[in-house]
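Here is the structure we will look at.
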Amino acid sequence: MVTISSNLLFAAFILYLVATVFYGGSIKAKKDPNETKKTNKWGSIAVFLTIIGFISQLGYFITRWIAAGHAPVSNMFEFTTFFGMALVGAFIVIYFIYRSTLLGLFTMPIAILVIAYASMFTRDVTPLIPALQSYWLSIHVTTAAIGEAILAISFAAGLIYLVKAIDQTKSNKRTFWLEIVMFALVVVLGFVVVSTAFSAIGYQEKFTWVDKHGNEANLEYTMPALTGPHEGKLLTSDGFKPLVEMPALINAKKLNTVIWSFLAGFVLYGAIRLILRKRIAAALKPMVKNIKLDFVDEISYRSVLIGFPVFTLGALIFAMIWAQEAWSRFWGWDPKEVWALITWLFYAAFLHLRLSKGWHGEKSAWLAVIGFVIIMFNLVAVNLVIAGLHSYAGS
Amino acid sequence: MKDVKCECGHVNPHGTVLCEACGKILDEQETNKQLLDMRYEGSARRSQTYNKTMIDKVWNFFSSVKVGVWLIVITLIASIIGTILPQKMYIDLPPEVYYEQEYGTFGKLYYQLGFDNLYGSWWYLLLIALIGVSLVICSLDRVIPLYKALKAQRVTRHEGFLKRQRVFGVTQNADKSDLAILKQHLVQKHYHVREENGNLLAEKGRFSRWGPYVNHVGLIIVLFGGMLRFVPGMYVNENLWIREGETALVPETGEQFYLHNNQFILQHYDKNKNKKFEKALAKAGNVVKNYQSNVVLYKRTGEKIPGEKPKLEKVKEYKVRVNHPLTFEGYSVYQSSFRSEMNAMRFALTNKKTNQSYGELKINLREPKEKYDLGNGYSVEILNYFPDFEFGKDGEPTTKSRVPNNPAFVFRMYSPEKPKGETSFVAIRQTIEPFGNNTYKMAFRGIETKNVSGFVVRKDSSLWLVILGGILFMIGVVQGAYWNHRRIWVQNKNGEIWIAAHTNKNWYGLKRELEKVLEETNINMPEDQLQREETDKEGV
Amino acid sequence: MKKRRLIIRTVILTILVAAVAYTLYANFMQDHKQKVAVGDQAPDFVLTDMQGTKHRLSDYKGQGVFLNFWGTWCPPCKKEMPYINNQYHQFKDQGVQVLAVDIQESELAVNQFAAHYKLDFPIMIDTNKEVMTTYGVDQLPATFLIDKSGKVVKYHTGEMTENDVREFMEKIKP
């Protein structure tokens, strides 16, 4: 069952990749630039592939659920994969409202990155600790993820807006920050590439080190240690000698992974720049020339409008009901809870700002980007760095 | 400060931008604009018109959405700061020690700034409270004028009003039959159509305009529920530890309920039984499957004063597990933790040379006896008992607490050879013979432990308010987000058909609906004037 | 019209300010809450002393009661118990009763302690912390001074000097 499940996920991943190519084609092949209602052949194929991929991933989800005996949203891999799936699902829904294949061209790569990122974590079927043994696990986590995914669509739309609206002929703060967003996406790709590469060659090195309480412990690196642990002693004979030793307060292993991801990100980004000979955002500009600004602005705003209630329901209300049952209080200021509140406050502020004219358009698009950064921070950093009740067992 | 009478005859409150009835522009500045600002229907927001007394000034301050957004943003940033380091309630060391020890100078600073209890600080509470105030005033200040304006609107609108709508178009040669078809289509699309002198006003989804106010009411109720927690008796949150086999009073129940803990059960996942988790378990080691306490709930019968043994009546048996609390009369008892406590120690009185044992004794660490008679002239007396032994400052043995964490004894061992007894100090892995070499010793034979279940007792009388607020918020937010208020004005002006349309959001949907509605008629699809403006700017 | 608006606004603002002020006040007072405060009627209780005699607080109406919560392990308790014993001898004929409530310890420990310090006022063990919970005591030692009408006159936590003990007993002398 688990094998079928992972095969289905792999199939979905490939389908999404192919679909992205077709989305690209649909933009190029479009004859009448103002005709947004009818999708051309490339576009139809792309949407078809996306739906097939989505169904395949749904198959992964169901088979894994059967295999594990609980909803597969209980660890970093499962949750992030589900988030990727929700992102594709949210795109399909928004697509049938607005019929924009360009949105697909921007959303699918993000979804692919998310799923690839998820696969870098351990894919074992994990047992549930007592606190998670509740049907609220499936209800709360899926609803929250779907809400976040719909909100993330507003990021894709916002990105389209920025790529189109920002003048790339001269460099300034706007082009810089937009390029930072692009670079951040490349760094995620970098993380996927280095992780895959080192795990493919089976890289491993072991250390003993001394933690901040003075206890000696073992630590296993899966990437060559650029930053070694505090008073670390390399045990693997042909292992890579750390360049710098970190103080005990800093998690040297996680920092090492981050540094490797950035290194790979820089290399990849450099290569892309060499090929394109201009900024990524500038290279994307021709793709978006046929879309109207206020149209993407509306998609972005609408996604927030649709996603906000779902997010509130899943990440706050269902979360509170479950917390009341499992931890005896509906609200306890656990970091994850607080970050859900922060996300919620942010989008509440976004919706209120939209009331005034000055915050439509580009400002609103930047806000959509910041919103996505908050969601990603909540997903990645809060689970892996700020450990609380929600931390996924240190994986 | 006079009311304004429009040329259509309607009397508008002072400060109105657009006549409530016909939409004529009453504010001079607005006439220069190409498109109207339709927020709150151009109604007179009370706060902006009076600004005399202190009360008005405070009111106006909180009535501003800008102030509201600022409050949200400040709260947001404060909340982020609180997640940088663990909060006080999640640490198990004294905060003055913990932060510096774990996070160095930064941790110390964090603690000194009071961020260790950020969410319970007066200023964070004040921020939330100010958001509440802003919610009340902002909503009141907008919903009433908006309601009045929407109620007063007439079918026939002023020319300037129609022209300055975002979606607007003029058709020269259309006749009556086109209007009839149009009207029919509008009704089919569930519009509420009003007619006046051959002019039409089609409207739907007006209730979505109330969504924001409904959800704000929900939020205010939630905040009010949170406030009630501070009222004595509304909120109970107590820890309760019960040893296996013991009965304890459930706190804050008015000495009404007692809980007996039969057994605490801790289960782990078994690698061999749960094949599907084999790999994960191999990596993670032990993973807990279940924390459970089998308890019996009793209710006291008759009067009782503290200290007296109560008469109890069994209410129910229950297995308290995580996610499955025991509930009764508004109280909930949760399985929250457990610990294992030393319960008894066994020793054997042994001859040091021959190693022969002259009888075993089991000492109940919570209720040790003074003397243990082993028969045949052998006996042991406890001269001193230190449940949580340490050497005091003066070098004398002493106890840190009453909990038997590290029991130690001063024994006096009596035997036929030594009828006066020998003294021996015995602690874990330590024996001292203060008066020289003894013949006998207390040989350690074993420890018995007992589990102690940790429960949390809760009562939250304001919970229903929070639930009600949550439901209202969801209704309001869905009502406001998933429906929109669309209006289409169709008017005869000098033989031309003028169409203007407005929606509070989702213009794309409105335009698509207009296309559908105008099918089979000769009326032109009106233009989106905003898009024309923007294409002009972009020069595409 | 204008006046009415001002009145409405004033009323709403007053309610809001009152709610906020109450919340802040209650939040502040949360940490300083005392279950049995000075001026309250002392809750009744019944405990059996080491000699097997039952002591009920309400039986001592008309006398002052020096109610002390303690433990054999707590260092300040060790210091002040002899003082209390001395003063007990001075005041017991003047209508002051000492009740020493030990929290959840073994009879052995309490008896040995009492014998060591030669204490002869009634000592009782609160086996399941019921009396302690009723009085809201969280740190030992803690002393409640109860006057002849059964009202709490003073609540003292932490160590007492012999002078303190004398003053306190003087205070509740009927």
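Any Cβ shown, glycine's included, is placed from N, Cα and C.
Feature annotation from TrEMBL assigns transmembrane segment to A:6-24 (among others).
Among the features that TrEMBL reports, transmembrane segment is placed at A:45-67 (among others).
Residues of the same chain lying 6 or more positions beyond the ends of the transmembrane segment (A:79-98) and with a Cβ under 8 Å from any Cβ of it are 9, 12, 16, 36, 47, 50-51, 53-54, 57-58, 60-61, 72-73, 104, 107-108, 110-112, 114-115, 117-119, 121, 141-142, 145-146, 148-150, 152-153, 156, 295, 299, 302-303, 306-307, 379, 392. If you look up TrEMBL, you'll see A:79-98 (among others) marked as transmembrane segment.
Annotated transmembrane segment per TrEMBL: A:105-123 (among others), in sequence order.
Within its own chain, the transmembrane segment (A:135-163) is flanked in space by residues 70-71, 73-74, 79, 82-83, 86-87, 89-91, 93-94, 102-103, 106-107, 110, 128, 174, 178, 181, 281, 284-285, 287-288, 291, 293, 296-297, 299-301, 303-304, 306-315, 318-319, 321-322, 325-326, 340, 343, 347, 361-362, 364-369, 371-372, 375, 378-379, which lie at least six positions past its ends and keep a Cβ under 8 Å from the stretch. The transmembrane segment annotation in TrEMBL covers A:135-163 (among others).
For A:175-201 (among others), the entry in TrEMBL reads transmembrane segment.
Marked as transmembrane segment by TrEMBL: A:258-276 (among others). Long-range contacts of the transmembrane segment (A:258-276) within the same chain: residues 183, 186-191, 193-194, 223, 226-227, 282-283, each at least 6 residues beyond the stretch ends and with a Cβ under 8 Å from a Cβ of the stretch.
What TrEMBL records for A:267-390 is domain 'Cytochrome c assembly protein'.
Per TrEMBL, the feature transmembrane segment maps to A:299-323 (among others).
The transmembrane segment annotation in TrEMBL covers A:338-355 (among others). Sequence-remote contacts of a segment are chain residues at least 6 beyond its ends whose Cβ falls under 8 Å from one of its Cβ atoms, and for the transmembrane segment (A:338-355) they are 144, 148, 151, 301, 304-305, 307-308, 311-312, 315-316, 319, 363-364, 367-368, 370-371, 374-375, 377-378, 382.
Residues of the same chain lying 6 or more positions beyond the ends of the transmembrane segment (A:367-389) and with a Cβ under 8 Å from any Cβ of it are 76, 79-80, 83, 131, 148, 151-152, 154-155, 157-159, 162, 181, 254, 300, 304, 327, 332, 334-336, 339-340, 342-343, 346-347, 350, 353, 359. As annotated by TrEMBL, transmembrane segment applies to A:367-389 (among others).
Within the chain, the transmembrane segment (A:105-123) has long-range Cβ neighbours (under 8 A, six or more residues past its boundaries) at 6, 9, 12-13, 16-17, 19-20, 23-24, 26-27, 50, 75-81, 83-85, 87-88, 91, 152-153, 155-157, 159-160, 185, 188-189, 191-192, 195-196, 287, 395.
Within the model, the domain 'Cytochrome c assembly protein' (A:267-390) carries an average pLDDT of 89.
Note: the domain 'Cytochrome c assembly protein' (A:267-390) comprises 98 helix, 0 strand, 26 coil (DSSP; helix = H, G, I, strand = E, B). Sequence-remote contacts of a segment are chain residues at least 6 beyond its ends whose Cβ falls under 8 Å from one of its Cβ atoms, and for the transmembrane segment (A:6-24) they are 42-43, 45-47, 49-50, 52-54, 56-57, 59-60, 63, 81, 85, 88, 101-102, 104-105, 108-109, 111-112, 115-116, 123, 287. Sequence-distant contacts of the transmembrane segment (A:45-67), counting only residues of its own chain at least 6 positions beyond either end whose CB sits under 8 Å from a CB of the stretch, comprise 1-2, 4-6, 8-9, 11-16, 18-20, 22-23, 25-26, 39, 78, 81-82, 84-85, 88-89, 91-92, 95, 101, 104, 108, 125.
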